Amino acid sequence: MLFPSIIAGLKHRGIRMAKKEKIEFPKIEWRDFSPAPIIGVDEVGRGCLAGPVYAAAVIFKSDALNDLVTDSKLLSEKRREELADLILKEHIVGIGSASVEEIDEINILNASLLAMKRAVEKLGVKSGHVLVDGNKKIPNLKGFEQSTIVKGDLRVAPISAASIVAKVTRDRLMKDLGVKYPHYGFEIHKGYSTPVHKQSIVDHGPCIAHRRSFAGVKEYV
């Protein structure tokens, strides 16, 4: 790390510090994939200490929301709720999940892929091209072509739509768990590893909604 005095000296001598380059992820024309239908898939909740992992799969029936959706993490809660309702109304959506018990049994990566598989199966279609956010294809998904797209939730509208639906659906569940287990604040942090959440585990121990294989939880089982 350069001290401020050194940086100031370099600037005085006309030496410019290189700026950290921002990596751009261009939009992808998802309609160019085949065969139809094109299915966007994403999951939410992988990094949480509590609650299931959720996934959604979306087939666009029109371009009505193509330019409105983006990664769910970049939207306000109110806007996510509005868009999720529109997506569910206007498009074909499948929602899947993997339980806390499944996460602890098969690990979070495999549970996330299982949730995505279940979401695709809920669509009621037997073939198509699945665009998966990330770099892992969905195992044992028969009858479908698959492509993985890094940062797909920013680059592919159906994946963005899936991320929105998955997050809103999971957030609603975590709010319900917050009522059922009031010591943990699930309705606020949605199960993520915040200082308040971690301290509540120290103070009260894990509840049935916690992932007992995760660091930050297993130490208090």
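Placed from the backbone N, Cα and C atoms, the Cβ positions cover glycine too.
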Can you tell which of ASP85, ASP104, ASP133 Swiss-Prot lists as binding divalent metal cation with ASP42, GLU43? ASP133
Divalent metal cation site, defined by ASP42, GLU43, ASP133: further same-chain residues with Cβ within 8 Å of the Cβ centre: VAL41, VAL44, ALA55, ALA56, SER112, MET116, VAL132, GLY134, GLY152, ASP153, ILE159, ALA162, SER163, ALA166
A correct count of other C-beta atoms within 10 Å of the C-beta of ASP42 (divalent metal cation binding site) gives 31
Model confidence over the domain 'RNase H type-2' (36-221) (mean pLDDT, whole number): 96
